[in-house]
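J.: Encoded as structure tokens, here's the structure I'll be asking about.
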């Protein structure tokens, strides 16, 4: 992308009398209404934020094995520091010629720059949106905006981060697709590995509650396609096939009245309603051709993939029953321990209008990943994380969709469609595992790379394992200079055919986390436009989610 396409982010907040009065009101409200007795689950142990950025630390010790040549590139994890409510921080490991460099940097967003200006947090956070206190915090946010204490003119767009040759990260500014992006942007856009197009959506608390977008290979964002649903929902992910886009109208509703009356989070699950799935031709100019299918109620954070088989559209997903978003507040440990998420296959028959689903695993599995060269196409293998709660990853699991699941099982173990489990060991917890292919080969001929933290020693590392064999013997272990807190999504940016420094794009949306989803990105220098490369080993999108 040409430098002149990047907008410099220079917010203009105000420290005047209005700011001081609102600060005073906030202090009084928090003192009277905040329940300080609640345990701070996500601020303790390795959930606690790291205070400072880390400039590049070179020649990290490879304490086991070796770093394969195909891993030349940058392994990146992006997320809030601390989890859910913090400012976005990138933890990255640059790998080149068998050596590794670690760096961590904040993304210099408008929000971060303004809070640095004030020397204190000023923006509403997801953890604030509970009970009457949540409603009052919304009003305070609105007043700060109306009185121009806060500058929200950079509220939508893409923060652009450049990866320097030494592995360091530099925030360049913001891109908003020539002002065509005026709504929220999902954490999980999909890129067709054949056409290079990106497919995405955003959801809102005001009509239209759902908006679908297509971004062409040259980076042009096409006109919005509003999708009609009955009320505002949380929709964290979606899916594409070669012909369709799949939307999920699940009963996780935006209910501010219940937030106040029942002291719940602002989004609450309605167990009386069905789960609806909308299948729309992916180049549709409007919603007239969408087909809706119903299945038993559930919620879905993350999909693995989707494809077409004869008259059916197939969706592989992690399905959650009776979710309670209060569990993310860390104020009820038993809710975390009862967290249940299972791999499912869902089928939607475009000829008959029927829908069916099949359970593929016991609980709890999440963060499903695939070889992204198969996005939208039928694939065989799914890699996921094994969770002992919503918060901690105890192992990495490999599913074979060509094999039948063993019925009656209540625990995750090798057998049936479970082809391998990499256990992290007592007191060691991991992150989302990213698949990186070797040179062109079989679907599972590659490696999985992920962060690991050892609570016994307080040290963090990067693990590389064989994605084909899932051997207990890691291919490589790289020791990091300090701990990396538990977080959300990650990705890998390969250096193959990369002529210039890597550019990373970070999208602002209305969700409560910061996550990533791979997207094959490069640059067409002759046209000075963003180019979605068809190679599945090129640059990737980061999606930054901000409530």
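Cβ atoms are placed via backbone N, Cα and C, with glycine included.
Annotations in TrEMBL come from automatic prediction, not curation.
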J.: Determine which of 183, 188, 402 appears in TrEMBL for the same Fe cation site as 236, 302, 489.
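T.: Answer per TrEMBL: 188.
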J.: Can you tell which of the binding-site residues (302, 489) has the fewest other C-beta atoms within 10 angstroms of its C-beta?
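T.: The binding-site residues 302, 489 were compared, and 302 has the fewest Cβ atoms within 10 Å.
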J.: Among the binding-site residues listed here (188, 236), identify the one with the smallest other-Cβ count within 10 Å.
T.: 236
J.: In three-state terms from DSSP, label residue 302 (Fe cation binding site) for me.
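T.: Reduced to three states, the DSSP call for residue 302 (Fe cation binding site) is strand.
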